[in-house]
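Notes follow the structure.
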């Protein structure tokens, strides 16, 4: 136990180091030059809009959170309610601090880029690293410190139901914040983007980020609340939920074993080691002699991955060792096999990054095919974009299947869980790549609105083009890890259910239930699969509709300002930027509530609906379990299709910024008919990649977390 205590303290120290590094980086970023007075005025407007939106969003979520906290206290225990509170608060804090830095780094990045491309890259990436390492550090601290409190201070055994229920509740707290932040931020950012583009670029013929567009500030605000705060909450949730699910599986599989304590600490130690490797990886991000921005970022990612192999070895040595740990479902589990599972997790991460970059990167076949289709019109652009979005699901799915089968063969479901934990271990570096995107996007907008030298805009555009790809790549990673993480949660659900059923004398609700079969010949299983499968589509449809409504409101507002203030187009009158920001804030908050509650309530409706119809608890649990699989499988494909397809549409549009040469050798410039067709495609792709697709991620996980909590609540019933 003493060794276990030392390992747990070491894990906590790793989390603290991550937060301290983020604090150091914050001071470094805020010390940089803010540029001209005009640049600072624009940045201040973006800051005010982002803070106003996030404050209102969190105030709304807090109302829901208080209700859930009280329910968790009443239905489970105070410890479970406190777990929920810890997960929710830390998730919110991560997003808020990340956005707080992002909206201050944008103007500093624009100023640094005016001096050198390398300076702009360094500042933007350092800003992203703050968010990334806060995500990893606070998620790790949340789980490890609360586990320490429960097992050391309060004296519960590691596999005690109080510990498991409290950790699952922590994951639920993170999930609830995540789905609201992802969806609300996505509706805001894409409502501004779509509305502003349709009137500004297509109707008025003015360029992106032109200060004459009343939606420009709202668009830049949206980049931060969607891609920075939203992604931070998403990956915080995936990180926390995956670690918790792996610990739950360890508690179930190794219950009563001498190895139990070390098995429970193993995923925490993996994450602790990988936090350190992520910090080290940030120092490798330097612009090389070839001037490749993506190459500089990949150096950091590759260094993190290679160092993490050593980190996995350290985690093994300090916890489970290298020999046999125990036998699970007739399969011998060894430390060496678990180490290999961790390696497979890192390989899956690398492959998903490469595949996503191929489908979304400029000068690659998929993006070029959409740009070429734009030459023949708006319709062909949309058709080709949809084709690419559908095609982009195949290779990631094959990689994920390979990861599942290989890890299962090596170490069963616990091996798969360790692979996903290793994937999430390097989340600090991945989120850094993502949060780099909104900073560079904003920097370009500030350079344009402040009227800086065209060479500065050229530098920020180069950073922004890479930022677009990194945002797409990190979404691919987030979806892949979410899909595998949800599979681990499903494994926790099915094994938890089996545990309760086998101990009916302790948990009376399950005493007379009988065996639960997930056999496909069971009609309730098929019904559950179909019901679960519809949730990502319905959820995605609701999200797209919300963006359409918000975008439509922005279109009307921008048209009104152009109509009532004709001096805007000549530069004699100033647009009312705050009006568009306020309009979108209200729309996003209003539109996010119902879609966000869909995946939360769906598992409860499935269970009690089937129980009411069939009168059989076994049938209801089978239908619920099947619905979780339906959500995972369809959610995975819907999310990949939307994010990769949307990213390809976006970069196809950017192909025309410097001129696109078609198959016949004709060059199409910005403002051409082909460019206008690409803008139409991008207005479809934007809500695909930044609202509906990413929001499916937390929807997948929250359905599984709610199902786990439902089991816990029923087990507490006398």
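Cβ coordinates are placed from backbone N, Cα and C, and glycine is handled just like the others.
As the structure is a computational prediction, the values presented were derived from the model and not from experiment.
Marked as transmembrane segment by Swiss-Prot: 6-26 (among others). Long-range neighbours of the transmembrane segment (6-26) within the same chain, counting only residues 6 or more positions beyond its ends whose Cβ lies under 8 Å from a Cβ of the stretch, are 97, 101, 126-127, 129-130, 133-134, 136-138, 140-141, 144-145, 147-148, 152, 262, 265, 268-269, 271-273, 275-276, 278-279, 318-319, 428.
Same-chain residues lying 6 or more positions outside the transmembrane segment (112-132) and placing a CB less than 8 Å from one of its CB atoms are 22, 25-26, 28-29, 32-33, 35, 94, 97-98, 101-102, 105, 228, 232, 278, 282, 285-287, 291, 293, 296-297, 300, 427-437, 439-440, 443, 447, 452-453, 456, 459-460, 462-463, 467. Here Swiss-Prot flags 112-132 (among others) as transmembrane segment.
The transmembrane segment annotation in Swiss-Prot covers 133-153 (among others) and rests on sequence analysis.
According to Swiss-Prot, the feature site 'Important for ion transport' maps to 182 (among others), an assignment based on similarity to another entry. A 10 Å cutoff on Cβ-Cβ distances gives residue 182 (site 'Important for ion transport') a total of 32 other Cβ atoms nearby, all chains included.
What Swiss-Prot lists as substrate binding site is 190, 689, and the listing cites similarity to another entry. Residue 689 (substrate binding site) carries a helical DSSP state (H, G or I).
Residues or ranges marked as Mg(2+) 1 binding site by Swiss-Prot: 193, 197. Spatially close to residue 193 (Mg(2+) 1 binding site) yet at least six residues away along the chain are 219, 222, 551, 686, 690, judged by Cβ distances under 8 angstroms.
What Swiss-Prot records for 220, 223, 441 is Mg(2+) 2 binding site, and it gives similarity to another entry as the kind of evidence. DSSP assigns residue 441 (Mg(2+) 2 binding site) to a helix. Over all protein chains present, the Cβ of residue 441 (Mg(2+) 2 binding site) has 26 other Cβ atoms lying within 10 Å.
Feature annotation from Swiss-Prot assigns site 'Important for ion transport' to 227 (among others). For residue 227 (site 'Important for ion transport'), the same-chain residues 6+ apart in sequence whose C-beta sits under 8 angstroms from its C-beta are 185, 189, 434, 435, 437, 438, 441, 471, 690. DSSP assigns residue 227 (site 'Important for ion transport') to a helix in the three-state reduction.
Summarising the annotation, Swiss-Prot assigns site 'Important for ion transport' to 234 (among others). Taking the Cβ of residue 234 (site 'Important for ion transport') as reference, residues of its chain lying under 8 Å away and at least six apart in sequence are, in sequence order, 178, 181, 182, 478, 694, 697, 698. Secondary structure at residue 234 (site 'Important for ion transport'), taken from DSSP and collapsed to helix, strand or coil, is helix.
Sequence annotations record features per position, and here Swiss-Prot assigns transmembrane segment to 235-255 (among others).
Marked as transmembrane segment by Swiss-Prot on the basis of sequence analysis: 265-285 (among others). Residues 4, 7-8, 10-11, 13-15, 17-18, 21, 121-122, 125-126, 129, 132-133, 136-137, 139-140, 143-144, 147, 239, 242-243, 246-247, 250, 296-297, 299-304, 307-308, 310-312, 314-316, 318-320, 338, 342, 417-418, 421-422, 424-429, 432 of the same chain sit 6 or more residues outside the transmembrane segment (265-285) yet have a Cβ under 8 Å from a Cβ within it.
Residues annotated as transmembrane segment in Swiss-Prot: 300-320 (among others). Sequence-distant contacts of the transmembrane segment (300-320) (same chain, six or more residues past either end, CB-CB distance under 8 Å): 7, 10, 125, 259, 262-263, 265-266, 269-270, 272-274, 276-278, 280-285, 335, 338-339, 342-343, 346, 349-350, 353, 422, 425-426, 429-430, 432-433.
Under the heading transmembrane segment, Swiss-Prot lists 335-355 (among others), citing sequence analysis as support.
DSSP assigns residue 471 (site 'Determinant of potassium independence') to a helix in the three-state reduction. The site 'Determinant of potassium independence' annotation in Swiss-Prot covers 471 and is backed by sequence analysis.
The transmembrane segment annotation in Swiss-Prot covers 472-492 (among others). Within its own chain, the transmembrane segment (472-492) has Cβ neighbours under 8 Å at 231, 234-235, 238, 241-242, 245-246, 248-249, 252, 348-349, 352-353, 355-357, 359-360, 396, 399-400, 403-404, 413, 416-417, 419-420, 423-424, 427, 430-431, 433-434, 625, 628-629, 631-632, 635-636, 639-640, 643-644, 646-647, 650, 689, 693-694, 696-698, 700-701, 704-705, 707-708, counting only residues six or more beyond its boundaries.
Within its own chain, the transmembrane segment (524-544) is flanked in space by residues 183, 186-187, 517-518, 594-595, 598-599, 602, 606, 610, 614, 619-620, 622-635, 638-639, 642, 687-688, 691-693, 695-696, 699-700, 703, which lie at least six positions past its ends and keep a Cβ under 8 Å from the stretch. Annotation source Swiss-Prot lists transmembrane segment at 524-544 (among others), citing sequence analysis.
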Cα distance (Å, whole number) from residue 223 (Mg(2+) 2 binding site) to residue 197 (Mg(2+) 1 binding site): 14
Cα separation, residue 650 (Ca(2+) binding site) to residue 190 (substrate binding site) (Å, whole number): 12
Candidates 223, 690: member of the recorded positions with the richest Cβ shell (10 Å): 690
Densest Cβ neighbourhood among 197, 650 (binding-site residues), 10 Å radius: 650
The transmembrane segment (593-613) and the transmembrane segment (620-640) contact flag, 3+ Cβ pairs under 8 angstroms: yes
CB within-chain contacts under 8 A for residue 701 (site 'Important for ion transport'), separation at least 6: 175, 178, 237, 238, 241, 482, 485, 486, 489
Residue numbers, six or more beyond the limits of the transmembrane segment (620-640), whose CB comes under 8 Å of its CB atoms: 392-393, 396-397, 400, 476, 479-480, 482-483, 486-487, 489-490, 493-494, 497, 513, 516-518, 522, 524-537, 540, 599, 602-603, 606-608, 610-611, 614, 692-694, 696-697, 699-700, 703-704, 707, 710
